[in-house]
Amino acid sequence: MRVGVLALQGAVAEHIRSLEKTGVEVVTVKHAEQLAELDGLIIPGGESTTIGKLMRKYDFMEAIRDFSGQGKPVFGTCAGLIVMAKEIEGGEEAHLGLMDIKVSRNAFGRQRESFETDLDVKGLEVPLRAVFIRAPLITGVGEGVEVLSTYKDEIVTARQGHLLVSSFHPELTDDFSLHTYFVEMIKQTKQP
Ligand code: GLN
């Protein structure tokens, strides 16, 4: 199984390290053509406006929409979540618009720019150490979207079929259970 990490900007190396721990083959994705050889894709955190710009510049928009359209799993973390959302609050144009969620950027405000907490995530056996860095929140979900975790009643992890998103950075700790969850999603889609 081959899983790619979109390597335009942001926490790329950390995702590669976490994915490698799950035992899959990991591909650093710098060109849209590489998507053809992948079974799943992670869009890392960083800065969503920058990632969106680079995705447009390097022809990733249609390529990732096609990839997702084939039912191949995509996992967006933090800024990656923002670029996957159908709607961004504040009138900003959506990027990939893959997932039926509405997001608010930098929703925790200045005082809580970064923090860590232990989160119960549906589908994971033990709480996950979640690192939030200028994190977005999911402020609305469409019908097919399942909420996997909340923090103070706000949605921070969600899944819509083959699409997975988290507001936090699951790649910044040694706990790779959410990566394992994503790899399981990929395995399920590959079953005949
Ligand atoms: N605040 C960033 C944005 O709006 C996301 C932060 C992150 O990915 N850690 O793009």
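Keep in mind that glycine also has a Cβ here, set from the backbone N, Cα and C atoms.
What TrEMBL says about this protein:
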{"type": "ACT_SITE", "residues": "CYS78", "note": "active site, nucleophile"}
{"type": "ACT_SITE", "residues": "HIS169", "note": "active site, charge relay system"}
{"type": "ACT_SITE", "residues": "GLU171", "note": "active site, charge relay system"}
{"type": "BINDING", "residues": "GLY46, GLU47, SER48, ARG105, ILE133, ARG134", "note": "L-glutamine binding site"}
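Recorded features from TrEMBL, shown on the structure.
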{"residue": "GLY46", "record": "L-glutamine binding site", "DSSP class": "coil"}
{"residue": "CYS78", "record": "active site, nucleophile", "DSSP class": "coil"}
{"residue": "ARG105", "record": "L-glutamine binding site", "DSSP class": "coil"}
{"residue": "ILE133", "record": "L-glutamine binding site", "DSSP class": "strand"}
{"residue": "HIS169", "record": "active site, charge relay system", "DSSP class": "strand"}
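Fewest other C-beta atoms within 10 angstroms, among the recorded positions GLY46, SER48, CYS78, HIS169, GLU171, are seen around GLY46.
Within 10 Å (C-alpha to C-alpha) of ARG105 (L-glutamine binding site) lie the following active-site residues from CYS78, HIS169, GLU171: CYS78.
Neighbours of the L-glutamine site: apart from GLY46, GLU47, SER48, ARG105, ILE133, ARG134, residues of the same chain with C-beta atoms within 8 angstroms of the site's C-beta centroid are GLY10, GLY45, CYS78, ALA79, ILE82, ASN106, ALA135, PRO136. Recorded residues HIS169 (active site, charge relay system) and ARG134 (L-glutamine binding site) have their alpha carbons 10 Å apart, per Cα-Cα distance.
If you check the recorded positions SER48, ILE133, ARG134, GLU171 against CYS78 (active site, nucleophile), the ones with a Cα inside 10 Å of its Cα are SER48, ILE133, ARG134. Cα-Cα distance from GLU171 (active site, charge relay system) to GLU47 (L-glutamine binding site): 16 Å (rounded to the nearest whole number).
All chains included, 18 other C-beta atoms sit within 10 angstroms of the C-beta of ILE133 (L-glutamine binding site). Over all protein chains present, the Cβ of ARG134 (L-glutamine binding site) has 17 other Cβ atoms lying within 10 Å.
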